[in-house]
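Participant: Would you mind keeping the following structure in view while I ask a few things?
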Amino acid sequence: MDATTAAASRSTFSSRAARWLAHRMRNVAPLLTLLFLVLFFTLASPSFASVGNLWNILQQVSVTAIIAVGLTFVILTAEIDLSVAAVANATGIVVAFFTLQDASVNIANVPLPGWLAIVLALASCLLLGLVTAFGVTRIGIPSFIMTLAMMQIGAGICALLVRGQIAYSVPALVTTLGSRSIMGVPWIVVVAVVALLAAHVVLTYTRFGRYVYMVGGNREAAENAGVNARMVVGAALVISALCAGVAGMLGVAYFGSAQQNEFDGYLLDAIAAVVVGGTSLFGGRGGIGNTILGLLVLGVLNNGLDHVNIDSFLKILIRGLILLTALVINVYAERLRGAAREQG
Amino acid sequence: MPGEPILELVDISKSFGGVHALRNVDLALAPGEIHGLVGENGAGKSTLMKIIAGVHTDFGGVMRVRGRETRFRSSRDALEAGIGMVHQELSIVPSLSVAENVYLGSQPTNRAGLVDWTAMRRGARELLGRLGLDVDVETPVGALPIGVQQLVELGRVLFSGAELIILDEPTSALSPPETERLFTVLSRLRDEGRSIVFISHFLEDILRVSDVVSVFRNSRKVVTERVSPALDKGWLIERMIGAQAADLEESWTGAVPLAGPGRSPVVLEASGLSHAPAFHDLSFAVHAGEALGVYGYMGCGQVELSRALFGKLRPGGGELRIDSRPVRLGNTAQARRAGVAFVPESRRAMLFAEEPIYKNISISILETISRLWVKPDRERELATGHIRSLSIRAPGPEARLGSLSGGNQQKVALARWLTCLPRVLVLCEPTRGMDVGAKEDVVRIVRSLKEQGIGVIVLSTEPETVLAMSDRIVVMRRGRIVKEFAEGSVSKDQLLAAA
């Protein structure tokens with residue numbers, strides 16, 4: 001014992017600082033990335049750093065944010081959900097399907113009262129989530145494969161309901177939350193912030209949240225401690241589907257239309273937000289704080305690239321490179337922690 | 001001394017971040033000799049072997065291989081110099097065939113540069129035949145008993161041309177017949193003139209197979225002595241822990257008196273419990289305040305039985321009663337609520353190395369101390385109490401679990417079940433790989449649990465463990481209970497004979 005303390009006191013300040021950094025790499029790296037991007041775009045474009053643009057960025061990441069909230073639960077349990085974008089798309093289309101559409105829209109839809117349409121839409125994403133959870137926890141299909149199948153099923157539901165058409169009307173409540181503002185603040189930003197806050201509280205302060213981290217950290221150990229790990233993983237998958245569904249409905253209002261393949265980019269964005277933020281793909285480490293960082297990095301990057309004069313075809317490549325960098329850091333953060341630990 | 005030492009270590013020291021792992025160790029390994037190494041966990045044996053095998057490259061002192069001063073830069077260097085190590089965790093690839101494993105990384109090729117399967121199979125068959133092993137070399141290694149896997153790995157090390165072979169805890173997972181076979185092989189290799197280092201916690205094994213034995217304590221080598229009938233277990237233990245070992249000795253050898261079931265009520269009763277093909281028609285009862293030992297060789301069905309008792313496996317037939325109420329355990333949470341506590345055989349399977357101690361302890365009782373919100377203060381308070389009462393060596397409840405030693409980790413795992421007492425505690429291999437002191441602590445904790453009226457089931461493949469902890473012992477063989485020792489006394493020989 002005293003040998004260790006002696007060693008610790010002998011180690012110099014710089015090596016201790018390095019170890020501190022290594023332990024917190026997961027949080028420090030995305031924060032530095034964010035600061036760097038903000039600084040870069042501020043210098044590169046006069047129109048970037050303004051209050052108005054800040055609201056733009058927040059509004060632009062809100063749909064991703066709501067999806068990423070649910071995905072954070074799933075990734076923390078060391079599983080993955082590839083069906084989020086498809087579930088979002090399907091739910092958005094379901095809510096439009098049960099809403100009275102303009103005569104020009106040629107869909108055999110079933111107009112219902114707005115509240116009922118919303119309930120049915122939520123029920124459908126809940127059902128999709130339960131099917132995923134059943135497949136993963138009861139049948140034992142790896143989540144990667146199971147959610148890949150659900151992605152296709154979600155896309156199939158979209159295709160069947162709209163048959164290549166575009167629907168425009170959604171219930172009034174959805175229109176308000178998705179595209180209106182309250183005292184200058186877009187409702188969709190409010191919803192995203194509430195979702196992030198609620199998820200943070202659940203993950204940090206509730207028993208279920210603790211189980212999510214423990215199951216992700218070491219699933220077998222959690223089981224052997226008498227935790228129903230299958231239930232925890234299943235719940236995370238259902239939460240993910242519900243978040244995706246809400247994002248899907250609001251997204252339809254935000255975009256102003258409901259159609260096939262409209263959320264395709266959101267799968268990558270949501271996963272990127274969670275992972276770029278520093279939540280471990282191996283489970284058990286990270287959280288909503290990291291997801292917020294990741295969302296801001298992505299939002300600033302997407303928005304900033306529009307402000308600087310850059311080949312728009314190059315943007316896709318740049319986003320890919322940023323994501324790759326984040327993945328490298330994610331894996332290294334794990335390794336650095338391990339190394340720092342061995343040193344003492 | 002049979003000839004020049006093949007390897008000589010002079011004044012070896014090694015430290016990890018200021019903590020000494022080895023201090024001024026001298027050791028010479030001669031050809032045609034089996035050298036046993038003993039010492040408590042953390043005494044420095046494994047560190048020394050890793051230096052020899054080229055895993056640790058940065059150390060103080062001099063190493064001479066065949067008289068020439070050498071310093072390995074990697075384990076490949078060591079291998080090329082004829083030094084091979086079989087680690088405690090086998091490094092075979094379970095999904096590959098026996099032949100592929102033997103030739104892993106050095107498959108023979110034909111003229112076209114493709115793998116020469118025929119030559120490989122023939123070579124593997126021949127090599128394993130020399131080890132007295134007659135297996136189909138095309139079966140995947142993972143499908144073979146663990147003892148055979150060990151021999152396959154040993155075969156690979158031999159095949160690489162190793163003159164000096166280091167075996168780290170080779171017998172901990174072996175059944176007595178498998179151990180016998182390994183010893184025969186080792187003796188034959190010694191007679192061929194190879195040098196063998198044998199590390200083990202099983203002192204009988206060391207005394208049986210070694211020609212020379214070295215004892216390590218507190219990162220120093222205490223003594224090297226030729227094995228003779230005068231050298232016994234007590235002598236070794238005394239030097240390992242540096243204290244009189246008579247009282248420790250008592251609980252591990254000789255005939256152990258059994259307390260029998262007593263008159264207390266039955267807490268857990270199994271009748272006709274079956275799960276083909278692992279176990280059949282098991283009927284037994286555990287009384288309050290009693291420890292029931294379940295002994296049997298690896299693969300006798302104990303592991304599956306323990307899983308069934310904790311709801312990880314749904315038995316195909318039979319009935320389980322707790323406090324005379326029939327229970328069906330569909331998952332581990334149900335088992336916990338029904339009053340079953342479980343400590344699996346591997347620490348990795350029960351602890352969260354990255355999390356603080358208090359979270360490791362509170363995980364099983366969160367349901368009782370928090371309805372919705374977690375209460376970290378209460379958790380820390382409980383953990384602090386356990387750290388004190390179980391004398392867990394840790395700076396505090398916030399300390400990362402992974403920073404504790406193995407024995408202390410085991411205590412944390414037990415502490416988990418002490419806050420809300422279960423009805424039955426199922427312990428699998430509770431002292432495997434532990435040093436003498438930590439074993440004593442675990443035995444003490446279990447005893448105090450029994451005094452509080454908990455029924456304990458100890459499942460182990462080590463007769464010493466079962467003997468040290470049980471009031472009554474059942475022996476399993478091929479999935480069935482074949483014998484029960486309930487009264488009088490029982491010795492290790494009797495257990496081994498029954499299994």
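From the backbone N, Cα and C atoms, a Cβ is placed for every residue, glycine too.
Below, the features straight out of TrEMBL:
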TRANSMEM  A:54-75  transmembrane segment
TRANSMEM  A:82-100  transmembrane segment
TRANSMEM  A:112-136  transmembrane segment
TRANSMEM  A:143-162  transmembrane segment
TRANSMEM  A:182-206  transmembrane segment
TRANSMEM  A:227-254  transmembrane segment
TRANSMEM  A:266-284  transmembrane segment
TRANSMEM  A:316-333  transmembrane segment
Participant: Mind checking which residues of the chain, 6+ beyond the ends of the transmembrane segment (A:54-75), have their Cβ under 8 Å from one of its Cβ atoms?
Facilitator: 81, 84-85, 88, 143, 185-186, 188-189, 191-192, 195-196, 199, 203, 212, 235-237, 239-244, 246-247, 250-251, 254, 266, 269-271, 273-275, 279-281, 283, 286-288, 290-291, 294-296, 298-300, 302-303
Participant: State the residues, same chain only, that lie 6 or more residues beyond the ends of the transmembrane segment (A:182-206) and have a CB under 8 A from a CB inside it; answer 'none' if no residue qualifies.
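Facilitator: Beyond its ends, the transmembrane segment (A:182-206) has Cβ neighbours at 55, 58-59, 61-63, 65-66, 69, 72-73, 76, 176, 212-213, 243, 246, 250, 254, 287-289, 291-292.
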Participant: With Cβ distances under 8 Å as the criterion, find the stretch in A:112-136, A:227-254, A:266-284 that has the most pairs with the transmembrane segment (A:82-100).
Facilitator: A:227-254
Participant: Give the nonlocal contacts of the transmembrane segment (A:143-162) in its own chain as ranges (CB under 8 Å, at least six residues past its ends).
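Facilitator: Counting only partners 6 or more residues beyond its ends, the transmembrane segment (A:143-162) has Cβ contacts under 8 Å with 74, 79-83, 85-87, 89-90, 93-94, 96-97, 107, 109, 124, 128, 131-132, 135-136, 233, 237, 258-261, 267.
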Participant: Would you kindly list the residues that approach the transmembrane segment (A:112-136) from elsewhere in its chain, counting only those six or more residues past its ends and only Cβ-Cβ distances under 8 Å?
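Facilitator: Contacts with the transmembrane segment (A:112-136): 79, 81, 83, 87, 90-92, 94-95, 97-99, 142-143, 146-147, 149-150, 153-154, 157, 170-174, 233-235, 237-242, 244-246, 248-249.
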